[in-house]
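Colleague: There's a structure below that I have some questions on.
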Amino acid sequence: MVMKTVTSLAFLLLLFAVLAAGGGTNSSRKYGICELKVKTQGYSCEEHKVTTKDGFILSLQRIPTGRSGPGETKGGPKPPVLLQHGLISDATTWLTTSPDESLGFILADNGFDVWLGNVRGTNYSSGHTSLSPNDPEYWDWSWDELVAYDLPAMFDYIHNQTGQKLHYVGHSLGTLMAFGAFSRHEVLNQVRSAALLSPIAYLGQMPSPLARAAADIFTAEAIYWLGVKEFAPGGGPVSKLVAGICVHIDCSNLVNTITGPNCCMNSSTTSLIHVQPTATKNMIHLAQMVRKGTIKMYDYGSNRNNNKHYGKAMPPDYNITSIPNDLPLFLSYGGKDLLSDVKDVQTLIEALSDHDPDKLVVQYIDDYAHLDFVYGVNAKKLVYSPLMAFFSAN
C-alpha cells in the first residue's frame, strides 16, 4: 500500500513539475489580469474581489462587453458565464491565445457577460483575512475546499451582481469542482447550465506511462515532500524534481507525454502559459483518486483521523448520480487526452446514465488532447461554437 501511494504521488508530482517546466512563471503581481491580458486587446474589464467563508480573498475578472461595445442580447441583459481554470493555472487560461481563439474573448464578442475565476493560492487570489502564504495553515486545503468555499463564493457574488443565474465553463480541475458542487447540491439555484471540457470525475484509469520511472526516482523523497505545504512550480523541490527526471528522460516533449499529444496548439503557446502554486494537499487528494479510482473527499490516512474530520472511518463520497437529472450539461472530451482519459470519461457518462437525454450533450473529438480544449487553434469551430449553441438553448 505504501509503495502504491508513493508511486501515485510521485507520478502526480512529476506531472505538475513537467507542466511547470513547459510553461513560464508569473512573477509580476504589479498589474492585474485586466491590465495585462484584457485591456491590451481592446476590451473593457473590471477587477472584483470576493471573500470565502474560510477567509480566502479571491479575484474575479469581468469582461462585460465585446469589442463592439455594450449592448443587450435578444430578450434582455447579457447572460453571465463563469469560466473556471484547471490545476496550477489561473484565469489567463481563457485569454492566452488571440481574441479570435480564446474562449473568454469569444464569449464576450458573442453577447455574454464574462466572469473569470481564480482559485485560492494562485498569484491573483493569494490574499486571506488572517493568514499569509508563508503560513503552513494557509495551504491546508484540497479541492474539497474549492468545492465547499471557492465555487459557492464566486457563484454568490456573480449572482448578486447580475441578478441572473450563471452559465458555467470548467476545464480539467474546474470540471471536478463543478461535479463536486453539483453532487452536494451546491450552487444549483444559481446555475443555468454547465459546459465541462476535459471532464474529470474519475482518474483510476488514467494512463501513466511515467509512473514506473517516477517511482524509481522517488521513494523516501516523495514521503519527505509531504511536509511541503505549498507546491510552487517555479522553484524549490519542484526544480530539483524536474532536474532529476530530465537526467533520465528527454524533457523537450514531456508536456505532450503527460497531457497527450495536443494536435492543435501553436508551438509558441506553451511559453505563454503561466503556472501557478497550489497546495501539496490538493495534489495528494488527486493522487488518492488515481490510486483508488473513486471520487471521495480527502482521505486523512486512518480511521481515527477520518473520524475526527468526518465523523466516520472513511471519507464521504461525491455521488455523481445525485446530480439533478434536469441540469443541462455539455461534456466535451478528447480521444488523445491522457488526463481526462476516455475510459474514465465513460465511467462518468455511465454514472450519468439516468440524466435527462435532452439535458445532456456529449461531444467526443478523436484527435484532441488535454490542452487542445483551451489552446487549440480550431477550438472555436470544434468546441466553442457548439458550446455557445448549448448555452443559447438553455
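Cβ coordinates are placed from backbone N, Cα and C, and glycine is handled just like the others.
The active site, nucleophile feature in TrEMBL is assigned to SER172. Marked as active site, charge relay system by TrEMBL: ASP337, HIS370. According to TrEMBL, the domain 'Partial AB-hydrolase lipase' annotation covers 39-97. The annotation domain 'Serine aminopeptidase S33' is assigned in TrEMBL to 103-219. The feature signal peptide is assigned by TrEMBL to 1-20.
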Colleague: Quick one: give me the count of other CB atoms within 10 A of the CB of ASP337 (active site, charge relay system).
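Modeller: So the Cβ neighbour count for ASP337 (active site, charge relay system) comes to 28.
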Colleague: Could you state the whole-number distance in Å separating the C-alpha atoms of SER172 (active site, nucleophile) and ASP337 (active site, charge relay system)?
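Modeller: ASP337 (active site, charge relay system) has its Cα 11 Å from the Cα of SER172 (active site, nucleophile).
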Colleague: Sort out the sequence-distant neighbours of HIS370 (active site, charge relay system) for me: same chain, 6+ apart, CB within less than 8 Å of its CB, listed by position.
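Modeller: The list for HIS370 (active site, charge relay system) reads SER172, SER198, THR259, GLY260, ASN262, GLY334, ASP337, LEU338, LEU339, SER340, given in order along the sequence.
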Colleague: Suppose you look only at the domain 'Partial AB-hydrolase lipase' (39-97); what would the mean pLDDT be?
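Modeller: Average per-residue pLDDT within the domain 'Partial AB-hydrolase lipase' (39-97): 91.
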Colleague: Using DSSP, what's the helix, strand and coil tally for the domain 'Partial AB-hydrolase lipase' (39-97)?
Modeller: 7 helix, 23 strand, 29 coil
